[in-house]
Amino acid sequence: MASVRRVMLLAFATALWISGTQRAEAQLKLGYYAHSCPRAEAIVKDEVEKALADDEGVGADLLRMHFHDCFVRVIRYCCCFRCCSIKCVDAAWYNASNPQGCDASLLLDSTNASKAEKDAQINLTLEGFDVIDTVKEKLEAACKGVVSCADLLTFAARDAIVHYGGIHYKVPSGRRDGRISIASDTDVLPSPDFKLAKLTDLFISKGLSQTDMVILSGAHTVGIAHCDAFSKRLDSGDPTLDSKYARVLRRQCPPKSNNTVPMDPKTPNKFDNRYYRLVLSNRGLFTSDVSLTSTPGTATLVESLARNFKSFQLKFAEAIVKMGSIGVLTGNDGEVRSNCRVVN
């Protein structure tokens, strides 16, 4: 009975959160800055292009920033079986995803009182915060106090994808910036060691589906990985890692090194669907990558995405727009930071 009650409470908490997410998503809209800052998206695009001209790899960091920003923060909901006009009884607290998802909390600097998300272990390899600073300065010069850092980051991720050869997709905007950033909140971010069930549970907890998870994993088609993210597979002789590729990786990643290797050795700066072909040939770097073929349903989806580049691009655009709506702050919630590193 207790276990049934726990499942019911957790389901209720998740339903509350998804409902809140859907309401927030509805408040975002295309062309949000059409009158208040008509060149906002053009300014972001121009500065991202300049940054990628200097360092083409930083676009993958901008994309990873967007993902990591949207997936953190937790809140506690009170879920009740019996409620009356005065109080809730038989109540239990359960952690559920905070409505403050895509709120640019990742961009805040640590303070003397609190270690911020960007200084958590999982985010220490992220680069590109200086790019965000430059874009924000340009936006403030054009339209002071108008464009949020959360929208800036969402636009920048889209523009990086386009730079790498992805399709241009429209981004609903109107996000506001959060005021809290706590390093320990990043504990929920997926690990390269996650298997399919754990990945699926995490994405569902954010209002996304298993299909969304497989599609968004396609972002691994660009960027680099540090050797320690997959060294366990090399050390254990993981049979799900192609033996020839494993030998190449061992040369690139000698013991105790933390070198970097491209996620896609042939086209590391091209937003294509080769990632899925690598997964199918046991050349995905992470355990989380190979796990995508561990069930017939997900394997079929991987095969479909590997065959059809245009379909992958369209589906990825749809999924990342959906991800960009996770728990956004809108209306009078939050703020529009003048400097993305600090609260106003």
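Cβ atoms are placed via backbone N, Cα and C, with glycine included.
These figures come from a predicted structure and were not determined experimentally.
Of the cysteines Cys70, Cys143, Cys149, only one is given by TrEMBL as the disulfide partner of Cys102: Cys70. A disulfide bond in TrEMBL ties Cys143 to one cysteine from Cys37, Cys227, Cys253, and that cysteine is Cys37.
Comparing the Cα of Val72 (Ca(2+) 1 binding site) with the Cα of every entry in Cys37, Cys102, Pro190, Asp272, these being the recorded positions, the smallest distance points to Cys102.
For the disulfide-bonded residues Cys37, Cys70, Cys143, Cys340, the largest tally of other C-beta atoms within 10 A is found at Cys70.
Ranking the recorded positions Val72, Cys227 by the number of CB atoms within 10 A of their own CB puts Val72 at the top. A gap of 38 Å separates the Cα atoms of Cys143 (disulfide bond) and Thr267 (Ca(2+) 2 binding site).
Working note on the binding-site residues Asp69, Asp103, Glu117, Asp264, Asp272: by count of other C-beta atoms within 10 Å of each C-beta, Asp103 ranks first.
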